[in-house]
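Quick look at what Swiss-Prot lists:
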type: ACT_SITE; residues: Cys188; note: active site, acyl-thioester intermediate
type: BINDING; residues: Arg68, Gly69, Gly70, Gln71, Val72, Thr73, Tyr74, His75, Ala157, Leu158, Gly159, Gly170, Leu171, Ala172; note: substrate binding site
type: DOMAIN; residues: 29-224; note: domain 'BPL/LPL catalytic'
type: SITE; residues: Lys154; note: site 'Lowers pKa of active site Cys'
Amino acid sequence: MAMQRRRLGRVDYATTFDAMRAFTETRTPGTPDELWLCEHPPVFTQGLAGKAEHVLDAGDIPVVASNRGGQVTYHGPGQVVAYPLIDLQALGIFVKEYVFRLEQAVIKTLEGYGVTGHRVTGAPGIYVNLCDPFGHGALPGPPDPRDPWRGIGKIAALGIKVSRHCSYHGLALNVAMDLSPYERINPCGYAGLRTVDLSTIGVPVDPERAAADLGDRLESYLSP
């Protein structure tokens, strides 16, 4: 069965969370996989590992508890959020391989814009070398224990939930957004981690195009 792609536009986070959870709870072996692409109004979301101390000053931005993995992150306009609703058992892969494919889809999307995306062991998501986001060298290292994130910027966040072999939640790619809300949190629980978007590193991409490109990559990596 072909994956169904849905472009939701700008939608409330909590409403979307409830909808994808309901979809996952009621789907059957015959339900086609879906890929939801959207953006959210400003919101902080806390994953299952989230700690209150990592929300430094939420201010007027709501904080919503979520059942995805990970800690606190931010969603807002100018960010492409992708929610793949996938039957992993039918696809024939386990969670570790699923996460690898999600990250690979982001890496290949960035590659299309000339940007080199990197994985960081133990820190899900995709990162760029702030000194040379277009080069093919490794990230700066070894890390300085006083500033372990020096020279590294996070450009995509990832957090998933798997229930009855089926995934929901997903990933967020920063395209052209107001990044100042990230200063109100320790992104993903990491103090000092800088968050960037494509615009910050000199890649002027329209979020609609980025959503289409990311959607294409996700479909290619998550289809049988």
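Placed from the backbone N, Cα and C atoms, the Cβ positions cover glycine too.
When Cβ atoms from all protein chains are considered, those within 10 Å of Gly159 (substrate binding site) total 22, not counting its own. Looking at Gly159 (substrate binding site) and Cys188 (active site, acyl-thioester intermediate), their Cα atoms lie 10 Å from each other. Taking a C-beta cut-off of under 8 Å and a sequence gap of six or more, Leu171 (substrate binding site) has these contacts in its own chain: Val81, Ala82, Leu102, Val106, Gly125, Ala156, Ala157, Leu158, Gly159. Taken together, the residues of the domain 'BPL/LPL catalytic' (29-224) have an average pLDDT of 95.
Calculated from their C-alpha atoms, the gap between Lys154 (site 'Lowers pKa of active site Cys') and Cys188 (active site, acyl-thioester intermediate) amounts to 10 Å.
Cβ-based neighbour count (10 Å, all protein chains) for Lys154 (site 'Lowers pKa of active site Cys') stands at 22. Under DSSP, Tyr74 (substrate binding site) is assigned to a strand (E or B) in the three-state scheme.
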